[in-house]
Amino acid sequence: MKKLSTPLAITFMAMLTTCFHSSVNAQQKPKLIAATTPVHEKVLTAEEQKVLTPDAVIQSLKEGNKRFVSNNLTSRNHSAMVRKAAAGQYPKAAVISCIDSRVPVEDLFDKGIGDLFVGRVAGNFVNEDLLGSLEYSCKVSGAKLVVVLGHASCGAIKAAIDHVELGNITAMLTKIQPAVAQAQDYQGEKTSKNYDFVDYVAKKNISNTIETIRAKSPILKEMEDKGEIKIVGAFYNLKTGEVTFL
């Protein structure tokens, strides 16, 4: 084999070194992937809220829950949305929910900043404070829908079934115990260990809360009678992530 002269050998080795480093850098350099999912930055405006109907809002919540169940949530720029919503809020709906940490209301419906008013209390009942909050949400701020959202395996419902007595919890449970009494027609074991019975009571409690809203808030009742809003119940399945409108 013919030997290379010294200058040629040096040049050849330099070329090999350059090619090697270029190959390594090409392998190590991360690939840039074009963004395919648009990032949502928009918040609802007064004009958009004004033309919404209660049925359209219900459909929007149902579609959002389908995205939640399929793990296909909308990508949002929360920082931008916070700034855009600073001047005013025009939510679609008001939701009365339990405080349960496993029930993230906005996520369940794939809604973002400025989309929902949310009032939370263990057992999702209403009192004067929450009724006033709902009246503000609908009469003053234009929300088109009131949703009373209960959920499976609710701890407050179980406590009401068991007649728990502990501090202020005792008085709180008196708001839920009428549903326990109404559920005595249930065919089966009527204890907090029977999850089907617990859910049966929870749905009775949702109905009671809706009746209380209509009975104790003439403002909301009148708005519902005129078709300006709807007051509906919904039930969240902790295992599947599905929300069923009742």
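Numbering starts at 1 and runs along the chain as it is shown here.
Cβ coordinates are placed from backbone N, Cα and C, and glycine is handled just like the others.
According to TrEMBL, the protein carries these features:
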type    : residues                      : note
SIGNAL  : 1-26                          : signal peptide
BINDING : Cys98, Asp100, His151, Cys154 : Zn(2+) binding site
DSSP three-state assignment (helix, strand or coil) for Cys154 (Zn(2+) binding site): coil
Zn(2+) site, defined by Cys98, Asp100, His151, Cys154: further same-chain residues with Cβ within 8 Å of the Cβ centre: Ser97, Ile99, Arg102, Val103, Ala122, Gly123, Asn124, Gly150, Ala152, Ser153, Gly155, Ala156, Ile157, Ala202, Tyr236
Neighbour count (Cβ, 10 Å) for Cys98 (Zn(2+) binding site): 24
List of residues, in chain order, with Cβ under 8 A from that of His151 (Zn(2+) binding site) and at least 6 apart: Cys98, Asp100, Arg102, Val103, Ala202, Phe235, Tyr236, Asn237, Leu238
Nonlocal neighbours by CB distance (under 8 Å) for Cys154 (Zn(2+) binding site), same chain, sequence gap 6 or more: Cys98, Asp100, Gly123, Val198, Ala202
Structural state of Cys98 (Zn(2+) binding site), classified by DSSP into three states: coil
